[in-house]
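One structure is given here, and the rest of the page talks about it.
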Amino acid sequence: MFFFIFIAWIGKPVNAACPLELSPPRVVVRFGDSLSANCTSLSDQIEGMGWESPYGGVDLTQGVTSLPFKIDSVPEWEIGPMCYMNSRDGDQCTEVLPVTVYKMPDSVSLKNLSTVVEGQQFAIQCDIVNVAPARNLSVLWHKGNYIMKSETFDESSPSPVSKSSVLTLTAHRDDDGAEIWCEAKLNLWPEEQGPPPVRSEAHTLTVLYPPTFISASDETLDFPAGKSMTLNCNATGNPLPSYHWQFLQAAQETHKNQNENYPVLTRPFEFPGIYTCTASNTQGTVTKNFTVSESPYPPAFIDPLNETLELSAGEKMTLNCNATGNPLPSYHWQFLQAAQETHKNQNENYPVLTRPFKFPGIYTCTASNTQGTVTKYFTVSESPYPPAFIDPLNETLELSAGEKMTLNCNATGNPLPSYHWQFPQAAQETYKNQNENYPVLTQPFKFPGIYTCTASNTQGTVTKYFTVSESPYPPAFINPLNETLELSVGEKMTLNCNATGNPLPSYHWQFPQAAQETYKNQDVNHPIVTRPFEFPGVYTCTASNTQGTVTKYFTVSESPCKPLSVNSLHFLSFYTLF
């Protein structure tokens, strides 16, 4: 049993003109429980004080500044005890103690409870019996962990009344099995104080709805022959659905004793076709079709995947590439280079190849269908034979610097050949850790020259040469395209026209008009002109090869200097050209 008296302290009189202070300043009390309070005067002119109330009143008491008030059992729903004080000057002041009398409800219950159909609108009523004061009542509706509705009431009567709250919902299958309840609460105390709310019993909702398949409406399945076949017709619904299976004509005899009222059909796959499942309850019927076929599967060879045969020349050679698969595989044979002309009319789409042995090597059979491809290798050999390169004997390659260089020295032979590489002189230090016994050399191109590969076995040795050169490219000057020089007469003049290019560029110089007679016999096919400065002007250098031509200009002028006497002038006629 709970009862509470709510006390709110304010620390000073409510009415500053009347020096009385009530403690507590406000009282919340359950009907029939005791009530007590105290009235204190803050005046020094007090003559006497008392409490006026039909219950527990206290007569005027002289010579006190504080006077208690008490009711052993609150008998009314609305009371207002008043404290009064008489002053020596004949004045009187009063203060009324606010009292709220409450009663928790006798009961909180739900009604209008029934089974509902999905989509139907329905109402549940919460009845709260004999509660006071109803103006402080709130009703909360709960569904699971959610508060769905809160309702308060406009009620002036302080005495107990009965109230009802109605919750209206639309039925949904997700609500089936959910718990709904209401609770009544008096909002007279601060949060988490006061008696706990009065709660109704929980009602479990029952929502009827038609069957719905958990998996997709229709399914297409592939099963390997003889493997377990599982057809899942599980459906939700309320009430729980019953099931009916309809089998193919060919399967009916086999499945006649099958428990049809079961949502999952499991048996070894035997009969392809359409299996139909119907799920029914009082709310409806749904049908699901399972289209079942034999699973396609990729080819698999009946004999071991790879075979090695050693045959004498002319001996009967039978290569069996038979494979299973769905759909049935098609076949393709790949013959040795030497055998292709002989076997060009061979029916390739046949699993068994039979003929006199003539060409040793690897015969490849591929079996394919829509599900995949498998390959089988027949390594057919005769007596050992020396190496023979698969690619042409010698190769000539033209590459740009840094371009990927791939030199393929692959060779056939019995036994398999070993390999040895010989690099150009300039490349030997770089490739000294190169794995020489490998038929393919792959690295960025850096060193032109002749790369030599030797393939050897017990039967002999063959050698292959790769002549690798740098691809032609047009000239490009090493120094900036144009230059301006200022020189004193006789000072050494160096004009650098060096350029890269493949093939190496040739050079042509064009001199200023004043210098042409002096330099007419000059060997101009040199990238650098070096001589004493004599003739200012524009010197033009052209670098050319088969890929293009570039031109560079040297603007040469005489440095400013003090005038010189004629006797001090000295012209240098010597020049050197490299």
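Glycine is no exception: its Cβ is also placed from the backbone N, Cα and C atoms.
Since this is a predicted model, take the numbers as computed values, not measurements.
Annotated signal peptide per TrEMBL: 1-16, in sequence order.
Feature annotation from TrEMBL assigns domain 'Ig-like' to 105-184 (among others). For the domain 'Ig-like' (105-184), the DSSP counts in helix, strand and coil order read 6 helix, 49 strand, 25 coil.
Averaged across the domain 'Ig-like' (211-293), pLDDT in this predicted model comes to 84. Taken from TrEMBL, the feature domain 'Ig-like' applies to 211-293 (among others).
Here TrEMBL flags 298-381 (among others) as domain 'Ig-like'.
Residues annotated as domain 'Ig-like' in TrEMBL: 386-469 (among others).
In terms of DSSP helix, strand and coil, the domain 'Ig-like' (474-557) has 3 helix, 47 strand, 34 coil. What TrEMBL records for 474-557 (among others) is domain 'Ig-like'.
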